[in-house]
């Protein structure tokens, strides 16, 4: 539940939240802390602000647009949220939002009719209207979600608070439907069922774009240049700004229109009324509690709903990226709290396509579901919201870029003061002083800097698209360059999606028989029936759809699937009148044993990741006997079976197959009582006291590309981690096969148990087989264990989901250590995968995640870089989607990320140096009472700098992945030293050019009675123009980085050609320009060729010194300096912990039970 806490009577907030107060309250929004303050309008303040806006020509309103808090404080006074008219929201990133509190008149008794009488008057206010108290609902909309005021909680709560405590029984009670009056009452509270992505008008977009600080700065700069008679330059910049705004508006409008069409889905649906009638209503009018009738041929679901009757085959690719349809079954009744994630197999999510519905409405066909969430509260709504309102990226590069702009602003202030002092010594008017001082600001602070540093990202995104990798969050490309750990799903990611049946090991007399490789050779009995029937496969257009494992299992038995056609009762009659979901018929084949009968599935409990199993109830022709079959993880099924039916060698047999890398499933069955009501039987009743049947052994081959990619990552010192739902031994075998673990590296298993009524929590580490100890005796293992740390033997930890949960809950002090050495995480549920990603991020890892999108959606979105292997061009399941079905895209992403990050660094340094070069030129010329000309500025900015900046980022990534990662901080000592030293050398170069010019015998001083560009041409300006022009070109070469993150500079053919052309052009202008060009640029005609060659030589010397300095800084100047001083501790938590563990001679303690501790063993602060 997302809520704000406002009144003093509210419940105590969780630790870490602000104390509640009447005026300010925190609440959780998207897992972040939000502050909310209430305000009321003050009329005289509003009118005063309007008057101030008129006097400031609208600048005051622009300030309020940039800083909403100032606008609220200026026009309102603080008040409790319960009576507020305006709310000021501020998230943990410092972003501020202003929302208006809205009201809705409610009818008497409408809350009770809406089924929320528990809160009654708590979520409404009253207003006196004609001496009558009219109930009012107070609410506000934020990011599409509705929040209503609940007095009892003293907070604005997300409207879904009213149905978040619904139980499965509550949902089943809505099967009879709502009355029209109940639906109308709920619609007033919940609002329309609409995911509304606003498509703003062109005029509104134009106003919002122009109010961007970048364009405001451009407008003021253009006005300044026009005042200073820089007409050509101002016109050119104006034209470029118009084109930029037009392109930006087109892209924004295009994206919002596309997202609007994808998000908004309005259709007619059939709902059941409490009277028993059926109504066709617009999906806009759906509210939680509505009973929706799903037609037999399915529909595009307009809301989230719990399936109450029938089965649905659903394509969830829009949410998960998984193209395989999923079978949904009815929600079991019970008093447990309903959760869409926990009951995912019984929940129909909005935006997904129901392909087929059956068995829910006898005589009519289709299925029955009850609405649980609408609008932005649905799963689709939350995904659309994450696209519309993404959280700011916590990436140091972007943060430092803004800080450096402030630094340039401070330099502009220094330059402004200097120019005022210099110009005040002349007879310049105050107006000229103001114009010259402001002109310095437009030179030092390049408004195009934020746009320029994204050039590398744009090029990288284009290259990735050509390789079949699509990105919906371009800023994350740079983050790819800092990835330090990558997690991989196993099945379908590291290994092939399909599985080959290796054979079946059947149990006979509580003893395993020999492996039967061909399932068609199995004798008649429950094992063969279990293999043929225990699945969720369905037919669509005569084609079987479902999990590839189950499809392969059915194919291996040779049995054929048949489903009832529409309302045909023939199959029901054949099987004793039971409602038949599907029928499995044995083939007419000589290999099959004689006497086999068809089997009908009458109840199905789908696979659940948390339960690690699925089950079905079947009947034979005539309706008897009743048999229940179950299939799932062997360890789980063994715990559900009668102890005497499980072979004594179960663990050894399972260990043998799993350690060889086989995928192993167990099967079991039991006979149900003939009087059991199969239509209402509970899952818990079916899945207990089973008889163990045996093991299905399947071979899951590792993809050819997996080992090569993992080896590449390991050689680049990037950790690879496997996160899977499979058996831990199978996962370890696959980890060895694909190179995550070396043949000489040991595996240590982590076993943690939770607190129970009989025992305290415990944690134990024990050495596994394989690696160096595979053939060792017990004694040699003990010796090897004792010397493990001293000899530096590498080891990997492996842990399963149950132990991981216990570790997080009871042993948080050991969790960081396990995470540092953990390589295999097996039997992990989807929410545990997400938790693992977040725990790794707490150690300051930049975490990547690669999966197929099905059970990995949460982890893919939680990771810094999520890659979904999907055939879709773009999936909302993750920032990156690869059309490739293997992990070869991972090194490509990292290489492109590093290339993009280094390019962004180069462009940033170049744009900063460009500003500093021009800043230096202008201050030197101000000192000499002159300035650059209009077309000289235009030539530098357009012909040189812009052209070079555009083509500089075209260089592609290096073909190899190197161990070192590029830096991410712009304020690091090497970067700042490089910029400082280059700036000093550039200043020295320009001053040298001026002094050399002045020292010439033929030097003619400029006209001191004039100032600025009015006394052009002159020798001072021409010499500074010549050298600074070369400096723009040579710095583009100096700051462009190649190895080891990019290909060498000569691979960027376009950039090299532009460099050569511009160098030739600049040399032509310096040595022998045409009279026409010389007059156009207002350059002085210098007849002395030796002097001109001296300027070229000075530029060459400047280049050589700057280039050598950059090489020296890049190649380890600071590493050499660190050698002579004390080694500093890393700021990254995982690096500090790695050092401590490497030096530890007692971690992990093998075969020693550890108890929970109340203190942290290794300090990480």
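Count begins at 1; order follows the chain as displayed.
Any Cβ shown, glycine's included, is placed from N, Cα and C.
Under the heading domain 'P5B-type ATPase N-terminal', TrEMBL lists 33-149.
The domain 'Cation-transporting P-type ATPase N-terminal' annotation in TrEMBL covers 171-224.
According to TrEMBL, the domain 'P-type ATPase A' annotation covers 268-387. Looking just at the domain 'P-type ATPase A' (268-387), the mean pLDDT is 86.
What TrEMBL records for 1-24 is region 'Disordered'.
According to TrEMBL, the feature transmembrane segment maps to 44-66 (among others).
Feature annotation from TrEMBL assigns transmembrane segment to 210-226 (among others).
Annotation source TrEMBL lists transmembrane segment at 232-252 (among others).
The feature transmembrane segment is assigned by TrEMBL to 404-423 (among others).
According to TrEMBL, the feature transmembrane segment maps to 435-460 (among others).
According to TrEMBL, the transmembrane segment annotation covers 907-926 (among others).
The transmembrane segment annotation in TrEMBL covers 938-956 (among others).
Look at TrEMBL and you will find 968-998 (among others) tagged as transmembrane segment.
Annotated transmembrane segment per TrEMBL: 1024-1043 (among others), in sequence order. Same-chain residues lying 6 or more positions outside the transmembrane segment (1024-1043) and placing a CB less than 8 Å from one of its CB atoms are 902-903, 905-906, 909-910, 913-914, 917-918, 920-921, 924-925, 932, 936, 939-940, 944-945, 948, 952, 955, 958, 982, 986, 989-990, 993-994, 1049, 1055, 1059, 1062-1063, 1066, 1069-1070, 1081, 1083, 1092, 1095-1096, 1098-1099, 1102-1103, 1106-1107, 1110, 1114.
Here TrEMBL flags 1050-1071 (among others) as transmembrane segment. With a threshold of 8 Å between CB atoms, the same-chain residues lying at least 6 positions outside the transmembrane segment (1050-1071) that come near it are 943-944, 947-948, 951-952, 954-956, 1026, 1029-1030, 1033, 1036-1037, 1040, 1077, 1081, 1083, 1089, 1092-1093, 1095-1096.
The feature transmembrane segment is assigned by TrEMBL to 1091-1113 (among others).
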Answer with yes or no whether the transmembrane segment (938-956) touches the transmembrane segment (435-460) by the criterion of at least three Cβ pairs under 8 A, sequence separation 6 or more. yes
Just to be sure I understand, if DSSP states are collapsed into helix, strand and coil, how many residues of the domain 'P-type ATPase A' (268-387) fall in each? 22 helix, 46 strand, 52 coil
Does the transmembrane segment (907-926) reach the transmembrane segment (968-998) with at least 3 CB pairs under 8 A, where each pair is 6 or more residues apart? yes
Quick one: do the transmembrane segment (968-998) and the transmembrane segment (232-252) have at least 3 Cβ pairs under 8 Å, skipping pairs fewer than 6 apart in sequence? no
